[in-house]
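Novice: Questions regarding the structure given below will be posed in turn.
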Amino acid sequence: MSAQNLSFVLQGIHQVKFEDRPIPELKDPHGVIVNVRFTGICGSDVHYWEHGSIGQFVVKDPMVLGHESSGVITKVGSAVTTLKVGDRVAMEPGIPCRRCEPCKAGKYNLCYEMAFAATPPYDGTLAKYYALPEDFCYKLPEQITLQEGALMEPLGVAVHIVRQAAVTPGQSVVVFGAGPVGLLCCAVARAFGASKIVAVDIQKPRLEFAKNYAATAIFEPAKVAAQENAARLIAENDLGPGADVAIDASGAEPSVHTGIHVLRTGGTYVQGGMGRSEMNFPIMAACTKELNVKGSFRYGSGDYKLAVELVASGRVNVKELITGVVKFEEAEQAFKEVKAGKGIKTLISGIEA
């Protein structure tokens, strides 16, 4: 597949094609051009491919997919000082305005004018070349491969979730959903010093993976009331009056309910997974236990940097999550396999410059 800037473009629901797009130009002296080498497939990419929208974000025009990427710098702007041609980088795919109140408060993930890759109307990173500001590219140390570099994005999500939960050494943490983000939440919680980390899922293979990866225990919920599952979860894992922290990385309503009920009084609940836009919520339990209930969205200041440091130091292993790598021209087949639930994290190889 030879082209100037071959890109994997979503045309409509289940309609994708390879298209040669213009090579991006350096419009900012602080910008860089990256030759994208590896891109992970995220659930949001698959959702756009399957449904053409996620909530208010609707694909109206052809859009390049992908946002979990790593690559090699091929061009730098005149004012770039931290990177040079040939540097290997993890690519943070959301560029904030830097001017609005959330940005100025240090919460740029909540930017009112966020330009996020593969979120309409912005093109994603499944292309030969992609342009970014230099400060949204994180130089990879020698011990981190480009394949691992592509997982800094979901790891950044997990870092943000665990930071929202303010996990501290010795705490007990229950993580609902043993997909890539849930598994990485287990790993980050462990790196932060949590003593008990219980992974919860309804799929046995994922639970077994979690047990061998970063969870200290696993739990398969039964088809019973949330309070009953929570009581059994607490008893089987010796959580005393309840867990200190519950993280939902599934977006499933039964998990949300069980997560609230599994917590001790004054515990912390963080919603990291996105499910239906509206669902029932056990508000009485949240109030009477005076829980700290928080949302978590993407990643913010310092999250990507910490993600790289956690992998570089050996405290988090992302290599184990990579269960498949496909060629760029096989991208659509990879989407089908991810939709079918095969593997943990599939990467698409880029086109080397």
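Glycine is treated like the rest: Cβ placed from N, Cα and C.
Per Swiss-Prot, Zn(2+) binding site is recorded for CYS42, HIS67, GLU68, and the stated evidence type is similarity to another entry. Annotation source Swiss-Prot lists NAD(+) binding site at GLY177, ALA178, GLY179, PRO180, VAL181, GLY182, citing sequence analysis.
Show me how these features fit into the structure around them.
Specialist: Shown in sequence order, THR39, GLY40, ILE41, CYS42, PRO93, THR125, ALA150, LEU151, GLU153, PRO154 are the residues of the chain, 6+ apart in sequence, with a C-beta less than 8 angstroms from the C-beta of GLU68 (Zn(2+) binding site).
A simple way to gauge crowding: the CB of GLY179 (NAD(+) binding site) has 22 other CB atoms within 10 angstroms, across all the protein chains here. Look at GLY179 (NAD(+) binding site): DSSP puts it in coil.
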Novice: For the recorded Zn(2+) site, whose residues are CYS42, HIS67, GLU68, find every other residue on that chain with a C-beta no more than 8 angstroms from the centre of their C-beta atoms, and list them by sequence position.
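Specialist: In sequence order, the nearby non-listed residues are THR39, GLY40, ILE41, SER44, ASP45, GLY66, SER69, PRO93, ALA117, ALA118, GLY124, THR125, GLU153, PRO154.
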Novice: From the centroid of the CB atoms of GLY177, ALA178, GLY179, PRO180, VAL181, GLY182, the recorded NAD(+) site, which same-chain residues not already listed sit within 8 A by their CB, in sequence order?
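Specialist: Once GLY177, ALA178, GLY179, PRO180, VAL181, GLY182 are set aside, the remaining close residues are VAL175, LEU183, LEU184, CYS185, ASP201, ARG206, ALA249, SER250, GLY273.
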Novice: Cα of VAL181 (NAD(+) binding site) to Cα of HIS67 (Zn(2+) binding site): how many Å, rounded?
Specialist: 15
Novice: I'd like the number of other C-beta atoms within 10 A of the C-beta of GLY177 (NAD(+) binding site), please.
Specialist: 25
